[in-house]
């Protein structure tokens, strides 16, 4: 019987669908869903526990409580399936229909849906063109609204108070109609003729000129067009029928003691039903208007609370005074349906336990506790037991397993063989946080983890726990084995470096074994082979570090490539090496030369070694090699027995004198301050400077002493060798600790910061070895506590950044091999402050070329367009001195939905070209988000110590080569023959013999050039010098000075220098000027030529006028002759405010959110000539006249620093007012490539500061997603509205259609959206709703009748399908093509049938819809 029942409960085939549509339900639709009206607020009878009839749990409406059994018990059993009991009215069927059958409530008075009323911008307001305030007054019965003005002078939609209404009624009688409440609003909505309105708005839009109106009309048009397109009637925003959720979804559970636990929804529904019934009764009794009105208002409020409690007014509360959880609360937020149940679920067949180290495991194995394995693989074991005939039934099998008989353990071994399990450590910040391993059964209760995968999991063994998951199906096991097995994931997807790098003991052991010592035992011996050296070592004839000569056999690549020839051939050579290195040479994989081991192995070296092995010998050899490295490291570290003691921390003897000298200097500054020679701030800055220098000096002295030790060599001479001090070795090898930490142990702790980030000027002169006194200890608690508080904040912030990044990129998948674009970006080495920060080879590695790479010497093509550049290629490019390579980038990829493999290039986690189906968006988001917790949270104040060091006064070349100036460099020659720079953004480059850029330096305005373009120079040559303390104002033309508006006491003041007695004129601040007139003028200089005429700017009618900024010291006199390049005035740089620099995480978030910085710099909108117009109050007016003679004005605050002067020619996009750049301006004026360069470089700066490596392409992928919307400038013949923002792919599809129909396509400009905004504005409403602002997203989608094509990953996870990435992409493609071929077959059969019988064919349209 049970089996029979199960037969009927067979799982229905899941519906196959391509898209999900959302809309507003009409009242008839709601009634059609319903299985009956809920008339009573009763739930269940507390004595019988049976649901009340017509109540919220009524069995007649919602279905039976027990399977195939009616309520009164007349019909039981399967044979009555589908009968409706005549006594209790219940249909005999499965009880689970109570999860899907809905009811409804007929409302006595219509009610407005709060989402469309209150969710901003109010949709009701938009449609009716009324303010939200007015609509609310009407809905909540505070005012009347005119519905039909008739022949009266009243206007439709006019609001009037009750008094007004009665007056008008007296005046006009029943000429006009006005209503209150939702009825009135519904009438208005019904009266709207959408087509008419849309036409009207479109014409208005074309004819109006005011910005505000255009904005308003466009918004309203968008909403109305949405209604028009979706076929949803606006009056459906007012409910007449309220659907009731199926009872199983709002359960009522009896607790012991006769109480019930219930879902809040039941409470909310009860209120609605109570008020509705009361209203019905009042209407039947023809109660006074005021009572009815009050009841209607209460009904409206009850429905509001049910839909979205707390959205308007005070939230309804239950018996325990907490707000009730409404329908809206059920779906939104972290605990809502989307994020709690759809995007993250609890998983069957999983377990978790503490992890311990498993040094004996292979890389692809993990130790699984026996009991855990038994529990996880239970069904498999039951099956095996039945198949083998040990147990006859599942029940018997269960018993066997519970008794843990020997046969069960044998079977477990068998089941587990070749069946990978997945291990996961939370937080899973990148894809290496879940990896598959083959389980090895172990005793105990802890999971054993291989030491080399700890780096990827970020795991340690101080009590970390990990979860185990079992892939059940064969496909899942296959994917786990091929894609997720730990030995297949040995590179970080973020940067392509190996993730299986040894750390701690392993590094220490390898380092110790490969160090060399002077005059160790047996130095200078020669051995015939490694085995002989090993024998000598084991007989204590030599030490590990002894320098010896050994014959070593290496396996090298065979030159003979013929068939049957071995791939590797042995090559024997004698090496001068150490015993330890020779012994290690045994584990070298074939194909790697011994030279890679013939040096002290530090952590970085080992990482490089594994990387080389992977590139040269392939995955399998590398994994084996890494495992052997680990085993050797552990063994050697154990044998070495390195330990530390207090005496290892050597305090340098010079420390006392260094600290003493510093204290003297500080005293001197204190004395100067007391006598008033320096200000308090200067004294503080200097003191901090002194102490940080002292700290450095002590640290340096300590490291010098620690890092070397004296020894006697074989010939009896005293020499020094690298120290074998344990602490030094740990730090030097990279096993543990760093120079900074050693400095605190044995040098001095140095300066500490207060919680607000400012530095305490009293340093801690002691170190941990000497011990801190009470005051010093107290000072250091500050920093420690701030560190802990910061860490907690950082984790949350970093997690939120990752979530936003994943959300914006989740639908970006590689969908084709090549989009065929010819666009790309030019990649150069990244040079900052004259140093190469990132070499060209690192930036183009793994990219596809978009133009031929040409050998500069022979001009022949090295690499064709479309070549994927690998390690050999980039090395060749570097060797030839090519300084710029054009490569493909995700930014310019022309694939519509997704990316192509060529634009992305190499998959960094696999080391080969990226596969179609790779979810590159999510990988990019994880790569940027994962190191987020390592970034700081602080904002740097530049001022004091930091800026002191930053003042440079000259720039010198770091390498030999030729000087080259950029196109923006402009200079004049003054009377002394010196070249004075007059450009603001000029840069000097040094290029080598091949013309490749080696370094690049900014040369500021007013600098004196010492070398000119094309000069051949040696390293160390000065290129330019300048005065760091002042900024000059320089004339580009000669002539006689004529002052304008330079009046003493009005615009300038005379200052007399105390020391020299010379007087200078200083331009005074606007605020300090006396008369009103003098506030608007600007002191400036004009130049006169020999005839007394004003000197004009060449080729223009403008006279030369040079304005003086506030605070400028004027150094020339009226009437003085000046030559070209002479200084007219100087501005002391001290007066510049120190500005905060946002660093760390907040900076990254700021960049990705595309926020405009406050006090942003201003860029020139056009190319043209600058001049200053009439100043307004507190602002100066800068005018740029373009080449056609059109003028563009900028108003600039007086305190801002203008970087241009009168008559200067500026290029479009050039900075004209100093300040941080605004990414939106860069995009508008300089284009996508400049924007991407800006964002990539800025983000990389933050990460580089923390020593984190992230590949550029990940950031480019995010920028692509930030640019995925465009703004329509001219709509042509398309359906778009000018100024509307639309998805780029939509716009391109629409334009393609227009071009195909010979109509005018739309023109557009790029828009940069921050990641939050970009996620919310995605086409998929499911994805947007599950991210943030759920209510707003769903409201908008419902009105527009949006359809979600389920293109992204999130949408598919939510509806429970395979994601369209990886193996899922192929699955979906196959499914779609199968559907197509099925449909074609169906059409063909239909055609044949109709041909035979002469029946008309079904119209194609119907067939199209049947698929949706």
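Placement of Cβ uses the backbone N, Cα and C atoms for every residue, glycine included.
Features reported for this protein in Swiss-Prot:
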- 70, 72, 85, 88: Zn(2+) 1 binding site (BINDING)
- 460, 462, 464: Mg(2+) binding site (BINDING)
- 819, 893, 900, 903: Zn(2+) 2 binding site (BINDING)
- 1391-1412: region 'Disordered' (REGION)
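Where Swiss-Prot records a feature, it is marked here on the structure.
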residue	record	Cβ neighbours (10 Å)
70	Zn(2+) 1 binding site	25
72	Zn(2+) 1 binding site	14
85	Zn(2+) 1 binding site	20
88	Zn(2+) 1 binding site	17
460	Mg(2+) binding site	12
462	Mg(2+) binding site	5
464	Mg(2+) binding site	17
893	Zn(2+) 2 binding site	26
900	Zn(2+) 2 binding site	22
903	Zn(2+) 2 binding site	31
Could you state the whole-number distance in Å separating the C-alpha atoms of residue 85 (Zn(2+) 1 binding site) and residue 900 (Zn(2+) 2 binding site)?
62
Alpha-carbon distance [residue 819 (Zn(2+) 2 binding site); residue 70 (Zn(2+) 1 binding site)] in Å:
63
Near the Mg(2+) site, what residues other than 460, 462, 464 in the same chain have a C-beta no further than 8 Å from the centroid of the listed C-beta atoms?
355, 459, 461, 463
Under DSSP, is residue 900 (Zn(2+) 2 binding site) part of a helix or a strand, or is it coil?
strand
In angstrom units, rounded to an integer, how far apart are the Cα atoms of residue 460 (Mg(2+) binding site) and residue 819 (Zn(2+) 2 binding site)?
44
Determine, for the Zn(2+) 2 site, the additional residues of the same chain whose CB lies within 8 Å of the mean position of the CB atoms of 819, 893, 900, 903; present them in sequence order.
816, 818, 821, 888, 890, 892, 894, 895, 899, 901, 902, 904
Measuring Cα to Cα, how many angstrom lie between residue 900 (Zn(2+) 2 binding site) and residue 464 (Mg(2+) binding site)?
40
Report the same-chain neighbours of residue 819 (Zn(2+) 2 binding site): residues 6+ apart in sequence with Cβ closer than 8 Å to its Cβ, ordered by sequence.
893, 894, 895, 900, 902, 903
Cβ within 8 Å of the Zn(2+) 1 site centroid (70, 72, 85, 88 excluded): which residues?
59, 71, 73, 74, 75, 86, 87, 89, 90
Could you state the whole-number distance in Å separating the C-alpha atoms of residue 462 (Mg(2+) binding site) and residue 72 (Zn(2+) 1 binding site)?
62
Could you give the Cα-Cα distance between residue 72 (Zn(2+) 1 binding site) and residue 464 (Mg(2+) binding site), in whole Å?
56
Pairwise CA distance, residue 88 (Zn(2+) 1 binding site) versus residue 464 (Mg(2+) binding site), rounded so that it is a whole Å:
58
